[in-house]
Amino acid sequence: MAVVETESYDSWSWFLMLLVDDLSLGDGYGYTLISDQQKGLDKAVKELLPHVEHRNCTRHIYANLKKKFPSAAVRNAFWEAAMATHPQAHKSAMKDLAKASKKAAERLEEFDPKVWSKAFFATHFKTDSTENNMSECFNSWILKTRFMPICDMLTEIHDLIMERMHQKRDAMVDVDCIILPKIKQILDANINESAECSGLWDGKQNFQVKWKETYMKTYEHGLEVLRGEPFWEEAEGDEILPPPMMKKLRGRPKKQRRREGWEGAVKKGKGKFNSMTRLGRVMHCTICRERGHNRGNCPNKPEGYVEQARQKRGGKRKVTTEDDLEVEHELERNEEEAMTGEWRKHLE
């Protein structure tokens, strides 16, 4: 993890150089990288990791495609093409996409299918992921720490990861099965469903399984405890420069990632959608009750229409015209005259 000024070719090159050195990635062969089309990253990856499989996140590709082509037919065809497991299925889905929108298909053909469709992923890689949900989850996990000073932020993130490694490792110590518990549940369910099926022998014994042994290797290396700042070793080399001038953006600082129009709002403190957006809804006018517009631009608005002040939630909304106002004023005058007459009789 690194803190840089901006997303650029220089910052990505510097980060990848350190990553290649720390993890001994070599030329990247055998590794998969999924990104969101960040600025300068593609060029840096081609130079420093020429043999890595660099994929683009399908969710971000579709978010950009949906801005100009929001139809459900385009959405369904896109995800069928992205999740296709062989080129023939991908080709069929692209034909469906062209039928729904020829321009959308042409826009998508600008991307190499090797970076976003399962049908063209290299077979020697052991992941078929098309989205980088892991990074999105990590960003939401460290949300509170992102507004701390840099040293405090990195120390807090280190402690969070250290605790997570400990929890994940201890959670599997007492598991007796060599297969992971969640995978075993899926396997047991498939076994029950397969009772009504007849198997065909292919002559081999090849299965794709997630083993406990591999899981434990992931979390066997714990993070070392960090000593306080007074015990930090002085770095050799160039003198540490002061931080660059901070560029303050307009508006209130964003604490959550910008959501697409079709995603909806998220309830505070929870990861579930609380409300959906108005995108795709059919508007109804409260004046004429017709579809396609609201009262602000109603073509059937009566003459002399006066907008009533907003009431509290739950109260009934009332449409007021000049005739209604005249009737109310007349009733008020009659009440005043009646009260005045009663007082005169009382005084006499």
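The backbone N, Cα and C atoms fix where each Cβ goes, glycine too.
As recorded in TrEMBL:
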type	residues	note
COMPBIAS	247-258	compositional bias 'Basic residues'
COMPBIAS	322-339	compositional bias 'Acidic residues'
DOMAIN	2-64	domain 'MULE transposase'
REGION	242-265	region 'Disordered'
REGION	291-348	region 'Disordered'
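The average pLDDT the prediction assigns to the domain 'MULE transposase' (2-64) is 87. Secondary structure by DSSP for the compositional bias 'Basic residues' (247-258): 0 helix, 0 strand, 12 coil. Secondary structure of the domain 'MULE transposase' (2-64), assigned with DSSP and counted as helix (H, G, I), strand (E, B) and coil, comes to 30 helix, 8 strand, 25 coil.
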